[in-house]
Amino acid sequence: ASSRLSVLAPRRSRPCRRAMSAAMEKVPTIGSKAVKLAVHMGPLKLKENFADDLRELYQQKLCTDVVLVCAEHTFPAHKVALAARSPVFRDAFASSAAAEGADVAASREIRITDVANPEAVRFMLDYIYETEVFQDYNPQAQEINTDILRLARAFQLPGLTTRAAHWLAKDITAGDVVERLAICGEFGLEALKNKVLESLHANKAALSEVVNSPKIIQYPQLMQMLLQQAAASGQQEEEDEPAKKRAKKGAGRGAKGGK
């Protein structure tokens, strides 16, 4: 038969227990006065940051719970990051979680079919995670930037739209201004469109070249707008011409009177 052993601690009297408790609560001191010591740890620097940690997980493809698929290229990501930046992702994930009997595997994959360039998806994720790559935003082609504008519109990412619009404004020439104005019209980039038109209005040689370009025929509304602008510019020149002649005559008379 097995036997159970119990070890009982010796019982102490109540006065003894009270004395021990009081001794433990008493703070030990040295000397008769409490002298404060100055201990300097330097400035508090907390390098830990949730955004930095999440970005590192994304870059190392760790703990991801959703995959974006574009042209058979896959981009692992985190639902919490996508939902935090995009109301479209947020609503999609919330609906998926609320649906009873939803296919878990299917909810982990999002196929993006509206764009042809997988690089555009990468730029979108770099924007969402605020990576250093996005700080040096520089798509290799206009087609990629246009796809980025499509993604920004589809997932309601206004900051991404602004960044793509700034890139679109770089190095515009008379040769590609028609295409860029058309992109402004497609994505509602009114501020950029007005800036470009102002620049064309101030450069009559560029405006004339654009109006006479064969490309302009592909954009009838844009052609009409530019033709009106060219006509208005010519009319303004005609109105300014008499004033210039009068100013020139006045300057001539003043020179003769000085003699």
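Every residue gets a Cβ built from N, Cα and C, even glycine.
Mean pLDDT for the domain 'BTB' (64-137) in the predicted structure: 89. Annotation comment: TrEMBL describes 64-137 as domain 'BTB'.
Per TrEMBL, region 'Disordered' is recorded for 230-259.
What TrEMBL records for 245-259 is compositional bias 'Basic residues'.
According to DSSP, the secondary structure content of the domain 'BTB' (64-137) in residues is 39 helix, 13 strand, 22 coil.
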